[in-house]
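S.K.: Quick paste from TrEMBL:
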COILED    A:165-227  coiled coil
COMPBIAS  A:7-21  compositional bias 'Polar residues'
COMPBIAS  A:247-257  compositional bias 'Polar residues'
REGION    A:1-21  region 'Disordered'
REGION    A:237-274  region 'Disordered'
REPEAT    A:283-325  repeat 'WD'
REPEAT    A:326-365  repeat 'WD'
REPEAT    A:415-454  repeat 'WD'
REPEAT    A:516-538  repeat 'WD'
REPEAT    A:539-578  repeat 'WD'
REPEAT    A:619-650  repeat 'WD'
Amino acid sequence: MTPRLLNASTVNSRQRSTVGNSTIGRSRMDFATLGRAPLRLGMGSRRITSRDLEIVEATEELLLSEVPEPEGVTSNVSLLRGFNATIPSAEQSRTRRKQMRSVDAPHLGLKKLGMNARGMLVDDDDGHSVTSEDDVVMVPRADTIRKTKRRKGRESLSASKILGKEELSRQKKEILRDKENISVRRSLINGEIAEITDKIQALDNIRNQLEQNLLKLHEDELELDDELVGVRERLEFEQESSRTPKKSSQPLHLLQSSRRRKGPAFLPSEHDELPPGVAFMTLESHETSITALDFSEPYGTLVSASQDDAQPIVWDLFSGTEIGRLRGHTGPVKCLQVEDHVCLSGSEDGTVRLWDLRRVESDDTDEWGDEGEIVSLSDITEESESGDEPLPRLNGIRKGKKPLELRNDPCTRVLEGHTKVVTALYFEDDCLVTGASDKTLRQWDLTTGQCVMTMDILWAMSHSSTSVPGSVTNGLFSGAAASIGTFVVPTPPFSDGSWEMYEDFVGGVQFWGYGLVSGSGDGAVRMWDMRTGQAHRTLLGHTGPVTSIQFDEIHIASGSLDKSIRIWDLRTGGVFETLKYDHAVTALQFDTRKLVAAAGENGIKVYNRTSMQQSTLSTNGHTHPVQRLRYMDRYLVSGGRDSTVKIWSL
Amino acid sequence: MSTDLPYAADAEVSLSYDELEVLKLQYEKELAQVHVTVQTKFNYAWGLVKSPMRDHQVEGVRLLQDLYRAEPTRRRECLYYLALGHYKMGNFEEARRFNGLLLEKEPTNMQALSLAQLIEKGVAREGYIGMALVGGAAAVGTILLAGLIRRATRK
């Protein structure tokens, strides 16, 4: 009976400690250990509190944690050293010495004073000194000496006492020890300070991190807002189209408003896996600097044009292969816009051509194969769009187009009217606005191919300058000079030192409803009313030709050769923000969250409008300055002076 | 540093009430200021471990454990103090394990070696007392048994 009880108690009381104790414990299960068990049992009177259990339980965890080599203060000053240096009794000897010296002075309670000074004693007032009585060595006074010295009047008290050699040497030792204690305490405090500095640093980092997270949240929120607006628009559009399913003879233009302006792009899920800010595809067929590019949608169709090349290349962005070329222009193409399968290009030959990208075929491959691919792609990405619509549209194109020699010629219309290089164009639905170096803007009806209106920038310049006195401060371009010859300005050197003659008088146009905005070579951003053809406001500020503009509901962004981008308030016409760059800005695009710009450098500039931070995309990027760019959602295409086109994930 | 540890005997010398009170006040003051310095915490913990009162010892060991958790660079030292604390409380098993870990790191540590001996002694003493108790119980048992048997046989 006894042995069983004994075993049971062993298990009960020492269960915890034996669990992880196999290494040491097992070997120790000897006679003595066995013997302890009944003692434990017998010592049941000893109170085992929850704290006892707590600390015993913690043993395992503590033993498992790593024990690093001590370093820094910890290796210099041990805890015990610190203890001895900081406990109150460390002050004892000092107190004692002082007591000894101040014989005549009343007892000041030095220890207490010292304690108070260090904030250690708060309310203890019994004046009880820790110093034990036998520590104080009383040395008899030498009265005779004292008397003789007294005559000199005021003097230090200490000189009036004789302490004896033994005592003095003892005091010396004590003082040395105290000094050592002081240095120990000093290094302790220094250690603490260093540690706190580290902690503050760490906390600061965490704080920064959190602030960034907050910004990120803000950005995400904006993104969601945008997406919501896009989806709402889409919903409206789909309801609309379901209500009127058969509109008679759809022209080749899209019903939906430009996706460039709004809404989420439908990116394949693989796109999310791409590292952001990296160019993941390079298209290298061009031989000269890229002058224009645009694409239908992420992983859709890209059209890109380069200098001295009258035939823009059509690419399949999904595979990164060339589909074919747009043949027809007799001069290099300066501007492009692609919406779905519709492409418009403006060229140095003064014409604008309308292309149906579905009919683009490569020289050697079977056309239907390529076409099928494009169509299927667009079907995938814009589900509802497909269905029965492509056919009527196709018919519309055929109806509308002139009888051309080739049945499958992708060029469906040629718009003639400009007398000089067409440098900028923008279309939405059936309405097209072009800007050319003949210093006019023209509005076209794409269904008929007729020029609806011509807006003369020269006229606007001469008239606005009178209405706004002192506006022609930019001596860049006086009215007279403008009216005569051609517009030619050398660009400021790009980051690689190269430069060129800039001849595009109209850098950019965009319209919405009846509101039209143009950016031109005189450095002015003009707002036109397309009903009257009058410029009703001119935004002055740029000191170089405007190369690119874009606007949304609130802001106009304009990039200029004066190495800056200005963001204007659409309503007040004031400058909302000015972004300075090191080189001329050649292209830009923005949304509510970011502004992406080609600023004469190899890297693409991305300005986060929420956090106001600039970043540069250069990983696997261009080897010469970026010239043109376009993005949708997180899909960016850029063309550079290194004659390559790069596709980026943002 | 390895030599800069108190011998176990030091742990038996308790601080005066006032001294402990000062340490406690300092600790509590810093606790109220949120930042407790390592030294203050240790001072209080060590003062508590030195105390003859078991509640104090437990609290001291708990503080030492806190230190051990929070200050990796002080862990090696704390190992010893934890061992000492447990030893003083009579938790020889824990004491032995902490001390064992320290001896693993520093096999020549004099204080740790001596503490190890003390722990063994303590264990043995407890064992002997226990054996004595068992022996006593056994003796009483046999006497009773013998009495019973005798009574049985007498019948």
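We count from 1, first residue shown onward.
In case you wondered, yes, glycine gets a Cβ from its N, Cα and C as well.
Just so you know, TrEMBL annotations are computer predictions that nobody has curated.
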S.K.: With a Cβ cut-off under 8 Å, give me the same-chain residues at least six positions beyond the ends of the repeat 'WD' (A:539-578) that come close to it.
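M.R.: For the repeat 'WD' (A:539-578), the far contacts come to 261, 468, 471, 473-474, 476, 487, 489, 491-492, 502, 504-505, 507-510, 512, 517-527, 584-592, 595, 597, 599-600, 607.
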S.K.: Per DSSP, what is the helix/strand/coil residue tally across the repeat 'WD' (A:619-650)?
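M.R.: Each residue of the repeat 'WD' (A:619-650) counted once, the result is 0 helix, 19 strand, 13 coil.
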S.K.: With DSSP, how much of the repeat 'WD' (A:326-365) is helix, how much strand and how much coil, in residues?
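M.R.: Residue counts in helix, strand and coil order: 3 helix, 19 strand, 18 coil.
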S.K.: For the repeat 'WD' (A:516-538), what's the model's average pLDDT?
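M.R.: Across the residues of the repeat 'WD' (A:516-538) the model's pLDDT averages 91 on the 0 to 100 scale.
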S.K.: Could you give me three numbers for the repeat 'WD' (A:415-454), the DSSP helix, strand and coil residue counts?
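M.R.: Split by secondary structure, the repeat 'WD' (A:415-454) comes out as 0 helix, 26 strand, 14 coil.
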